[in-house]
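In TrEMBL this protein carries:
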type	residues	note
COMPBIAS	143-167	compositional bias 'Low complexity'
DOMAIN	2-103	domain 'Calponin-homology (CH)'
DOMAIN	168-251	domain 'EB1 C-terminal'
REGION	133-167	region 'Disordered'
REGION	249-270	region 'Disordered'
Amino acid sequence: MGESRTELVNWVNELLQLNYRKVEQAGTGAAYCQIMDSIYGDVHLTKVKFDTKHEYEYVANYKVLQHTFDKHKIDKIIPVDRLMKCKFQDNLEFIQWLKRFWDQNYPGGEYDAALRRKSGAAKAAAVRTGALQPVRKTGGSGSSRTTSRAASTTSGRLSSGSASAATMDNHSSSMIMDLNKQLAELKVTVDGLEKERDFYFGKLRDIEILVQEQLDDLEAKGQAVNGDAPDAPVLKEIQAVLYSTEDGFEVPPEDDVAAGGHQDYDDETF
């Protein structure tokens, strides 16, 4: 029997010095990365984003987590697509597995989670602002090495930014494809309903014409008025059903009918 959601959230908060209120918050992947860091102490926390708001930003965290799993040959598939949606059940099952793994592999001793995060952030900030001690120039070769390092750092940042943009574009493209698929399905449904409507409209129109012809024939013979024709009452009942309306339906005023389009709809009932 695994731990309850409350026990797991309390364990994560106590170990990592966080303030999570529910299991779903771990879906960003940041907590998973630092739990692994508490075991091995070699996770690149400078690449882990704890303050994330968008799903595409979670991808970088899960890349760090997957790298740690690969590095330490951990035979466990990370269901990234499900975890990133921050749903309760998927993250609960993964945290339960992670807690068992931590119980078996944690080396013991104190783990200062806040210091690990701050030290990683401080190093990243130093690199971004140039606060690190400058490299002493001893000659042309030293200057060349410095330039090379700066170029590689810049290219690394550009590639990271390009990867994030590509991830966002892929996510947007996937959403657009899904919406287009739904739109196509709705169009097929509407086309089918319109064909079915036209089919039954045609049937009712044929019935209307047939009933009207029979009544006209009986009236011409004088049978519809004096009641000699046994079919006359049935025909009139059918005609009443055809011309009946539902509650809320308003028949257009005769002036409107006479003013416009009367010639076009003179032979139609519906």
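Backbone N, Cα and C atoms are what each Cβ position is placed from, and that goes for glycine too.
Where the annotation comes from TrEMBL, it is an automatic prediction and has not been curated.
In terms of DSSP secondary structure, the domain 'Calponin-homology (CH)' (2-103) contains 69 helix, 0 strand, 33 coil.
Residue counts for the domain 'EB1 C-terminal' (168-251) under DSSP, helix first, then strand, then coil, are 70 helix, 0 strand, 14 coil. In this model, the domain 'EB1 C-terminal' (168-251) carries an average pLDDT of 78.
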